[in-house]
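Asks: According to TrEMBL:
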- 9-707: domain 'Myosin motor' (DOMAIN)
- 102, 103, 104, 105, 106, 107, 108, 109: ATP binding site (BINDING)
- 584-606: region 'Actin-binding' (REGION)
- 824-1037: domain 'TH1' (DOMAIN)
- 966-1119: region 'Disordered' (REGION)
- 1014-1025: compositional bias 'Basic and acidic residues' (COMPBIAS)
């Protein structure tokens, strides 16, 4: 603190003065005020001087400087007191309060604002929404309460005309969670009239000057405050303040926004404005007496009845009831009869004024209660959330002395006497008594005890308030003069009471009107006029019932007592003086239960001028605030005192003899050892139960030592606690692992027992455990069960193979090889029927021409020298004119022959098997085989077996005049939009090396086309389209295959299917893959599983051959590109397409076996990846073609292994 304030700024603490005199005190106060140091300490009490100007002492930077600091680490400031209060509340879980006192205009309201801003800034670092809401309400409530409870006076431009005590509730983390506001004695008489140079409450002027013209018209108001009696006195006075932003217009906007933030609904804000307007109109109502003339009786009337209409409209009450309440009142007689008694002009004016005061008071109380309802802590349970701590902030009116002091000033000064008594009791008297009780020797300090003044006011039966209540409750006419005479009788000999009757020579007081009390702050003369009426605070029941029956819910809620029946007998209500006395007693008791911090505000001058300090005026305030006595007590006493146990609990870690627990004889001895180690024993005194510390620097030294050791202690505690947690966790894990180990053993034993039970009958023929279901194994036994399943499959395959006759062995080997190639890819591949290979030589399959074919076969064997016939069958050929021809196919171990059955099986074309580069099938049931050879023209062939009663060659043909999704005349590329279906016949288009079909739109069908419609129930084939083919090709199948499933179609009829037509068109379109596919190693598009013979010729791939082709022609398949694992076939020129009825697997296997360049290639059929579909049944000894196997594993491997090498079978 000394580093930031040099000697030229004076002493920052009055306790440090060389001599404690009034002259030295005022000299130091003057010096600091001139240097801009408006704050000074007296121990822990802060003295604040109102600068009447904005100073750069506040804001986020200043808050950061004081946050977390000790009281004496920084120069004196309101933030330091607020921080000390907050730390005491948070660290010691003590309820604290800040008492802000001083006379009107000393800056109490501004001090409370800065304290609230500091608390709001240092709390809620985690930005919880509920805490932020409470903070916003706490800050905004000050603006709203100032508008309705503050007014301009001759001593202060923003004087609080009510007392306010705010409790702020905090949780265990120190974040505000709610609050409550207590209001005391609103000066409601200010609504009716004000002294010269003063104004009514700010809310009236803000409404008139800040509202829009439309709203004023709706409220029947004019913008000039001089139009209304209640605001005429202050109409020419603006609310002069330090900032131009605080004008009435802008204040109205700020108050409206604050009410919205707090939670007032738009309807409630509108109701508040209507009530304020109704009060202004009510003040302009005048009464005139009417004389008796004709039928009209003598009585009272309203001078301007339009105002009655406005009041009735704004209060939402009937006009006739408003007028009746103003002109008369209803009373109940002893027999419960209702009598309406008319008012005189004076009585009507009194009733009007009483109604205006009561309505404004109820409005103010409703606003306070509405704010409290929003700030109440929500969902707090002390058993769950712990006890809440509280910080109280008291901002109450200061001591007031006006030229004419009435009942309100009497109550305000009585409140200040009570607070001064609390200050004396806590700061002066209790401190001296504690020193004497603890045996600390010190010099007694004389101070003024105002207990006798407080007793003068609140003493039962004889006090001023008791006498006033008696006068209000007495029967008959009791005037204010009679009340004054009673006071003179009771307090004739009191040292602090006098009147003109008791002191006739004092001409400053008038007979029968004034009395004087010698307060601690000075003498104040009070006028008794209006004391009885203001204390009685009487309002006719008619107004209560009228406003309770209002249709405005807000106004109705302000008058719950209006629901009482007029004939209902109730107790006499408490007077205003008694209610205020009770609230002051409760307030003092509440403050006494908390740890207090004091802010004593001083008003520098009466002119409210910045930079001017009136020494006489300030000397008077220093005297009656008791600041000099406070300095003497602090100098003679000690700055802090703590019980030995609490002191050790906080600072024992700073001494090796007291940490963690001392072994000395008593806590006092341990404290002495601790202080001796730090060298601080000379600045303390030892009491019977407490340690007294004279200088605050001793506490700062101890706090700094403690702060350095706390992180080390925290790490030690964390280490111990984490070790404990780790040990607990280790023990739990060991227990868990033990349980898991025994449970796993149990599961393994149970699983093995279940396996043994299920497979007891596995050796029984002929099934050998085929229908047994393997139980779901535990995760740890999954590899074991996989091995067991493989062994079981091997064993079962061996058992089946041993029982197969040698005559069926070749058939079985062929089917096992076919299954290895087609399992999971094609549903029907002829497993359930016997394979005859040479169907054309069979009299059953070819009854009319088998002999002719046998002759042709003998001729070809002699010519070409082949050893075996692998396959023969009738086929249909679709030429480039879309015409169908009957042909026959002969496949030997050397050549592939195309024969003409109509010409005694004459050979039309011979293809060496070495020229066949691959073989593919589709996943549908259309009996299609595609054999690839370079440089060959595509041929689409289809043959069907004759049905009963039909000729050998049916009337079938190549259907497929419609090919959905295929574009005409160009190749479709990836990303282009789908083309509509084209229905056109093929046209011939020549090219070197062969011919092909090309589709053109809008061309008539050729004469040679013989379409055959497909069967309605015949399914579409499954063509898995790649990225660069048309998307509609992948949509042909209603059930798209999974990642490992491609054969999803049932067997199709022998009749040409839609896939036949589709393949014919695609063969003739000559689709070419994108350049990226041709030039890179990206997978090619294929139909069905593709098998390429290793080392097969690749065809003509020279640039010259490519240059001869048109852009629409396809490129021969390049075998150097890697074969994809799955996907449709990319069709190109040089493919030979064969449609074979019902012999897929056999032809597939035979061709595959014949394509190998070595015996090893022919011996091992190449397996196709994927086994998602149900495998075909297995052969059995009794019915080989009809056997089945439900096992999901690739059982063909085990059958193949059990059968041995298959090269001899082909």
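Every residue, even glycine, has its Cβ placed from backbone N, Cα and C.
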Asks: Treating G and I as helix alongside H, and B as strand alongside E, what does DSSP give for the region 'Actin-binding' (584-606) in helix, strand and coil?
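Replies: Within the region 'Actin-binding' (584-606) the tally stands at 9 helix, 8 strand, 6 coil.
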Asks: Should anything in the same chain at least six residues away from the region 'Actin-binding' (584-606) have a Cβ under 8 Å from its Cβ atoms, list it; otherwise answer none.
Replies: 29, 33, 42, 44-52, 78, 81, 84-85, 88, 94-108, 111, 155, 165, 182, 184, 390, 392, 394, 398, 414-415, 418-419, 421-423, 425-427, 458, 612-614, 617-618, 621-622, 625, 627
Asks: If you skip the near sequence neighbours and keep only those at least six away, which residues in the chain come within under 8 angstroms of residue 109 (ATP binding site), Cβ to Cβ?
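Replies: Those within reach of residue 109 (ATP binding site), by Cβ under 8 Å and sequence separation of 6 or more, are 146, 150, 158, 160, 395.
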Asks: Around the ATP site formed by 102, 103, 104, 105, 106, 107, 108, 109, which additional residues qualify by having Cβ within 8 Å of the site's Cβ center?
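Replies: Neighbours found: 50, 156, 159, 398, 601, 603.
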Asks: Within 10 Å of the Cβ of residue 105 (ATP binding site), how many other Cβ atoms are there?
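Replies: By my count, 24.
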Asks: Who sits close to residue 103 (ATP binding site): which same-chain residues at least 6 apart have their Cβ under 8 Å from its Cβ?
Replies: 155, 398, 399, 400, 521, 601, 603, 621
Asks: Under a criterion of Cβ-Cβ distance under 8 Å and sequence separation of at least 6, what residues of the same chain contact residue 106 (ATP binding site)?
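Replies: Sequence-distant Cβ neighbours: 48, 50, 398, 601, 602, 603, 621.
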Asks: Validating a neighbour-count step here. Other CB atoms within 10 A of the CB of residue 104 (ATP binding site): how many?
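Replies: That number is 21.
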Asks: What is the average pLDDT across the domain 'Myosin motor' (9-707)?
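Replies: Averaged over the domain 'Myosin motor' (9-707), per-residue pLDDT gives 85.
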Asks: Using Cβ-Cβ distances, find the residues under 8 Å from residue 102 (ATP binding site) that belong to the same chain and are at least 6 apart in sequence, listing them in sequence order.
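Replies: Expected: 48, 108, 398, 399, 600, 601, 602, 603, 621, 625.
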